[in-house]
Amino acid sequence: MSSIDEQGNDLQQRTYWRWSKNEFLPEESFQNWSKYQAALSQICPRFKDRLTSRSDDVIEISELRKQSENDMKRCLTWWDLTWFGFGAVIGAGIFVLTGQEAHKHAGPAIVLSYVVSGISAMLSVFCYTEFAVEIPVAGGSFAYLRVELGDFMAFITAGNILLESIVGSAAVARAWTSYFTSLLNRETNSLRIHTNLKEGYNLLDPIAVAVLAIAATIAMISTRRTSQLNWIATALNTVVILFVLIAGFTHANPANMTPFMPNGAQGIFQAAAIVYFAYGGFDAIATMAEETKNPSRDIPLGLLGSMSIVTVIYCLMALSLTMMQKYTDIDPNAAYPVAFQSVGMTWAKYLVALGALKGMTTVLLIGALGQARYTTHIARAHMIPPLFALVHPKTGTPIYATLLITICSGLIAFFSSLDALTSLLSVSTLFIFMMMAVALLVRRYYVRGVTPRINLLKLVIFLLIIIASAMGTSAYWGLRPNGWQGYIVIVPLWFLGTMGISIFLPQQRTPKVWGVPLVPWLPSLSIAINIFLMGSLKHDAFIRFGICTVVMLVYYIFIGLHATYDMAHQQQKLEAVKVKDEDEAAKA
């Protein structure tokens, strides 16, 4: 399992179900205690090696895939991916977070929060699309960052991807239970087990665990069957959304829109950072590249088409809710059903709850697919045990990876409330998307062995100026939300940093099929918006994010660093042997 087999077909004859120590830690550094001690003594040089090393497109596309032993089945088209886009995105976010954030922060201006988040999400979609076309592998953003920013930054991102996957699924599953109780006309927490644990973790949710398990089982059986089920569920959900819009605007009362911004611009951006979660899930489409028949055509159509329509739907749904009911009266836990009840359409709340359940179910289904494929590619690089890279020979799906994410999500969903989950999720999501924009600029303006060192230095300086100005803008907004003097200095710095890349650096790589327009301006704007939205979150989210990051770094120092180091050098040795054999064959 630990090697990229160049010699025979032994691997294909091994049983899929394995559970030995060598399947989890097959690398040289973990073979015995003395070798592990020797590896620990080399932490500094190994860290330097991983910090400066880069993967390349060929390794990600072909070499690492051999670690899975079996290929995933190419069975998806642009039509499947477009419906995946709807199914992955429209779920708990719009049905739960809209009411929660309109009530707490934004008021009727929640529609502007969705506009801000939608712009940021669309910029990230552009970046994802270019990478997905150029590097069509299951690893998504992890693979892209490994190529452009190196192993260490890819690991930090990988940790956040796994965190986002686990926490995101748990949050949706908790929301599923809330809407299920609404459908049964019961109190929100009536189906949860009440305990004496700390508030936020004291309502145990066995239904959320069961829903996660069912979604994962379907995803493990067949990607194609999951897609077909998604078509049906998403089509029904679309009917419910149309009903919400028509009935909502029919019962609209313009007086409910006053005051439009009860907490000012600060409330809008606070809500935007949270409802960004509602746009999460589109990155799962990029992870389906290995199962797409024509990635260079199908992925751009699926990603850009679905996200454009989703953004419009979100804004209209947010507007219909706040026009139908005063923001102070909105129920944060089941906003739409209660809103319809308030205008005399008591029966409609059951239809809305059913639609929301269908939406959340498809989010869990597509999430189970995408998250497992992220995990698979991370395991291929040995950043987590390579056992999780295995693809089942009959189903063509990564069963181990799916089980890993599902079990972790189930444990969190069982204990944690939705409030405790969504803020942490938003930090991780925004961080990943910010890093994607940085990676795209690096890809366009830097090519190893080609770009002069002075141009690399300029690129680093300009990127630091862009990031620093975005952080400064966010900090100034937090400290002086009504001030304006600081922006006179900070915002022009962002402009100058971006202008510097545009004027002083030639692009080193041209996209082969599809590329982000207006480079470097759009990726730079994506960096600025994502950092600004991160700064709009409360400090509790960053405390949780910091704790999770420390845990990731501890794991990396003691396990991940040495596993990836051994894996990379094993690949180099195999490549050297291959080149030597080719040379000898040529001479003969």
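Using the three backbone atoms N, Cα and C, a Cβ is placed for every residue, glycine included.
Under the heading transmembrane segment, TrEMBL lists 75-97 (among others).
Panel annotation: around the transmembrane segment (109-131), residues 98, 101-102, 140-141, 144, 260-262, 267-269, 271-273, 275-276, 278-279, 282-283, 286, 299-300, 303-304, 307-308, 311, 314-315, 318-319, 321-322, 327, 433, 436-437, 439-440, 443, 511, 514-517, 522-523, 525-526, 529-530, 533 of the same chain, lying at least six beyond its termini, place a Cβ under 8 Å from a Cβ of the stretch. Here TrEMBL flags 109-131 (among others) as transmembrane segment.
Look at TrEMBL and you will find 152-176 (among others) tagged as transmembrane segment.
Through the fold, the transmembrane segment (203-222) approaches residues 169-170, 173-174, 176-177, 180, 189, 191-195, 229, 361, 364-365, 367-369, 372, 392, 395-397, 399, 402-403, 405-406, 409-410, 413-415, 417 of its own chain, all at least 6 residues removed from its boundaries and within a Cβ separation under 8 Å. According to TrEMBL, the transmembrane segment annotation covers 203-222 (among others).
Residues or ranges marked as transmembrane segment by TrEMBL: 229-248 (among others). Non-local neighbours of the transmembrane segment (229-248) in the same chain are 83-84, 86-87, 90, 218, 313, 316-317, 320-321, 323-324, 336, 339-340, 345, 348, 351-352, 354-356, 358-359, 361-362, 365-366; each lies 6+ residues outside the stretch with a CB under 8 Å from one of its CB atoms.
According to TrEMBL, the transmembrane segment annotation covers 350-370 (among others).
Per TrEMBL, transmembrane segment is recorded for 399-418 (among others).
Beyond its flanks by at least six residues, the transmembrane segment (424-442) meets 120-121, 123-124, 127-128, 130-131, 141, 144-145, 147-149, 153, 157, 160-161, 163-164, 167-168, 171, 273-274, 276-277, 280, 283, 459, 463, 467, 501, 516, 519-520, 523-524, 526-527, 530-531, 533-534, 537, 541-542, 544-545, 548 of its own chain at Cβ-Cβ distances under 8 Å. What TrEMBL records for 424-442 (among others) is transmembrane segment.
If you look up TrEMBL, you'll see 454-478 (among others) marked as transmembrane segment. Distant neighbours of the transmembrane segment (454-478): 266, 269, 438, 441-442, 445-446, 486-487, 490-491, 493-494, 496-498, 500-501, 504-506, 524, 527-528, 531-532, 534-536; these residues of the same chain sit at least 6 beyond its ends, with a Cβ under 8 Å from one of its Cβ atoms.
Positions annotated as transmembrane segment by TrEMBL: 484-506 (among others).
Residues or ranges marked as transmembrane segment by TrEMBL: 513-535 (among others).
The predicted model assigns the domain 'Cationic amino acid transporter C-terminal' (514-563) a mean pLDDT of 87. Feature annotation from TrEMBL assigns domain 'Cationic amino acid transporter C-terminal' to 514-563.
Annotation comment: TrEMBL describes 541-563 (among others) as transmembrane segment.
Most Cβ pairs within less than 8 Å of the transmembrane segment (75-97), among stretches 152-176, 399-418, 484-506, belong to 152-176. For the transmembrane segment (484-506), the residues of the chain that approach it from at least six positions outside its boundaries are 441, 445, 455, 458-459, 461-466, 468-470, 472-473, 476, 520-521, 524, 528, judged by C-beta separation under 8 angstroms. DSSP states for the domain 'Cationic amino acid transporter C-terminal' (514-563), grouped as helix (H, G, I), strand (E, B) and coil, give 40 helix, 0 strand, 10 coil.
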